[in-house]
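Engineer: Residues annotated as domain 'THH1/TOM1/TOM3' in TrEMBL: 20-161, 183-331. Under the heading transmembrane segment, TrEMBL lists 37-61, 112-131, 210-233, 258-281, 297-315.
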Amino acid sequence: MARTEMVAPSAVAAYVLKDSSSWWDQIDESPLWQNRIFHVLAVLYGIVAAVAVVQLVRIQLRVPEYGWTTQKVFHFLNFVVNGVRSIVFIFRRDVQKLQPEILQHILLDMPSLAFFTTYALLVLFWAEIYYQARAVSTDGLRPSFYTINAVVYVVQVKIPLHSSTSCNRKGEGWIGSLTCEHIAMFLNRIVLWLIIWWKPIRLLIILSKMFFAGSSVLDTSVSLFAALGFLLYGGRLFLMLQRFPVESKGRRKKLQEVGYVTTICFSCFLVRCIMMCFNAFDKAADLDVLNHPVLNFIYYLLVEILPSSLVLFILRKLPPKRGITQYHPIR
């Protein structure tokens, strides 16, 4: 009898674990639950997209005379990323049936690229604030920033660096800066997609996923680069604000804002990098399939929906009206 009592707790624990695993598998294999989870994700992405576009309109109404500042572009890209994600998850089952298969990768990967671009712009936004506050010219900041981005893509997809930098010289404003980097990136991405379309080799599909996810020959990645960018410029801005006099207006609030956003975005891109590495090599962690809805929900909630929602909430304050104080736009 005593022996039975000693075995019972371990048996109960094993049963609980087995039951939990069974519950997860039942949801994964249920078309009804798959649709429910994907529709919940679609609704959540739609809400974030709506918040972003409302904030964009509010900023435009507050300071219409400054055109497309980085702040406006940031909110616009948030709207695009979350809006596209919402549409994809509404029609997720139809997307999975698209032929050729490469169209599925395009629809699922393009928002990842736009997500990176969105938060790379936030890093740039902070960098320009930092240098403007120190009365340092920002003329060379944007070309330098995009050169660093170009180097990351050169390491991963072997783009000649001179083609990106020469493009930067020809662009004007934020449109020119964005175009030069992404033309090179899109061309290489399209080439990879066409090769996969012609011959869907497993290794090439892994490389396609890893382009945004995760890993390179030099053990670097786009996501890790973005995380380090937030640490660098978020940390610099945070330390600069700490050195301001204690009685400075809004110092504590701005410190909290920078600290929260830096922590959120660094964690988001770090988790994204790690998770996508598993996604590329382990079929059990594959996100681009219908029968992993729970994993999809956890992943997208943690690395896109929650970070985007929190950042939009933290950065909800509108720029002051021109008549109240002198507003220096960051273009």
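Here the Cβ of each residue, glycine as well, is placed from N, Cα and C on the backbone.
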Engineer: Provide the three-state DSSP residue tally for the domain 'THH1/TOM1/TOM3' (20-161): helix first, then strand, then coil.
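Structural biologist: Result for the domain 'THH1/TOM1/TOM3' (20-161), in helix, strand, coil order: 121 helix, 0 strand, 21 coil.
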Engineer: Which value does the mean pLDDT take for the domain 'THH1/TOM1/TOM3' (20-161) in this predicted structure?
Structural biologist: 79
